[in-house]
Amino acid sequence: SGSRLGGLVTVMCFFFNHGECTRVMWTPPLRESFSYPFLVLQMLLLTYILRIPNINTGSLIALCVSNIFFMLPWQFAQFVLLTQIASLFAVCIMGYIDSCKLQKILTAHMVSLIVCFILMFGNSMLLTSYYAASLVVIWGILELSQKVLKSSRRGVYLWVIEGCAWLFGTVTLKYLTSLVFGIADDAHIGNILKSKFIGYKDFDTLMYTCAAEFDFMEKETPVRYTKTLLLPVVLVVFGVIIKRVSDGFRVSPLPLIYKYYAVVWYVCVFFLQLVYHALQLLAYSVLAILIMRLKLFLTPHLCVMASLVCSKQLFGWLFCKIQPKTLVFAILALMAIEGSANLQTQWNVMGEFSNLPQEELLEWIKVSTRQDAVFAGAMPTMASVKLSTLRPIVNHPHYEDAGLRARTKVVYSMYSRKPAKEVKRELIKLGVNYYILEESLCVSRKKPGCSMPEIWDVEDPANSGRIPLCTLMSKESRPYFITVFENSNYRVLKIPKE
């Protein structure tokens, strides 16, 4: 915004909408909680790079390092960076940034991707991702455009051609690399997107979409944005950006004239940043609408865009009639009506974590089982078992691995309607000694069709109609399993060898 008042607006908007910005107060150890601060740093560096006429090596190295720290804790980070690359490419084909600068940014992304691949012990999912494919395709389009399109005049038809080439090339290259390397680790991501648009269902998809955080954005979210005036302010800013950009194209369809006219340089660089961040906001909006959990990216970016209400370049005509400070403090005063109530709600989140039944379970495991005893059960519980007892486990919450998804599916068959003998046989193949059964998973139902037995009915229709195995086990586990521990939440079943 070029104004300290803009910084004040962003900070106040963040706190007034804190409940929509993060889930750290409910579940601190989420992977995105460790990644997101590095994305903020990365976008700051990118904005700086877009602003300066000549990119220095230090800026690119800093961008590369922030990319690495963003991607390392969280594998979904690659999809966020995909939206960033797509936004930058759109800015480039519109003519707001020259291809040489974009290629330098792409180089930083490519280097960071390779470094992450090495640091993640050769995680091939990264090299066969849409993000990696997009980097290669955009580089190829830029190289081809420089050789084929000698004229600097670019019409809308060229935008469409290059945009379609990027989309088709990215999807095709991703499919071919996955096929060649035999990688299916991120296949569930495509299935989740299919479920959003065509109602596709399978076991892995339902495991995600039945959780509220992976459902569509709540209808109340835009209402809450509106009550704090965050959404209205950003819509006004967004509308002014569109108008100013369209006016600029009517005057000259060649934004790159800043190369030759120093006077226009500052204006074009200013709008280059605005167009990029506006496109990035649209991308975050799509992600958040499809997957509610990704409000993590949308809400803070809305707060950043709200700062532009203080921009002289956008609202200079208004500041001739009213003092900027008067306008800003009037907006903040109106925001504070609902914002202060939201803050009070956040401050009222008190207490400490307590799960006595799980503590009893973990203490029993440490005292009553061998150090090499292998456990299976619900993914979150297995994470606690591994962390607190150091016992071997066969599945855990890292779901971006095809082999791990297959093992988890076998483990969760305890909540299906399959025969006990069949489930026991498959668990023995995995080397499981103890199974931790949670009755809540057997009976809980977040929404229609989302209890574990109902999810299994989609995957295993042949056994539909039978009593769920977990229900039978909670009454009598013999002869296939032996109950060795039981409390209000958990039942530990020992699996005798056949």
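First residue shown is number 1, and so on along the chain.
Keep in mind that glycine also has a Cβ here, set from the backbone N, Cα and C atoms.
Taken straight from TrEMBL:
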- 57-74: transmembrane segment (TRANSMEM)
- 80-98: transmembrane segment (TRANSMEM)
- 105-122: transmembrane segment (TRANSMEM)
- 156-176: transmembrane segment (TRANSMEM)
- 225-242: transmembrane segment (TRANSMEM)
- 263-292: transmembrane segment (TRANSMEM)
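In terms of C-beta pairs under 8 Å, the stretch of 57-74, 80-98, 156-176, 225-242 lying closest in packing to the transmembrane segment (105-122) is 57-74. Counting same-chain residues at least six beyond the ends of the transmembrane segment (80-98), those with a Cβ under 8 angstroms from any Cβ of the stretch are 39, 43, 46, 50, 67, 70-71, 105-106, 109, 129-131, 134-135, 138, 141-142, 154, 158-159, 162-163, 166, 253-256, 259, 268, 271-272, 275-276, 279-280, 283-284, 287, 297. Beyond its flanks by at least six residues, the transmembrane segment (156-176) meets 86, 89-90, 93-94, 128-130, 132-134, 136-138, 140-141, 145, 149 of its own chain at Cβ-Cβ distances under 8 Å.
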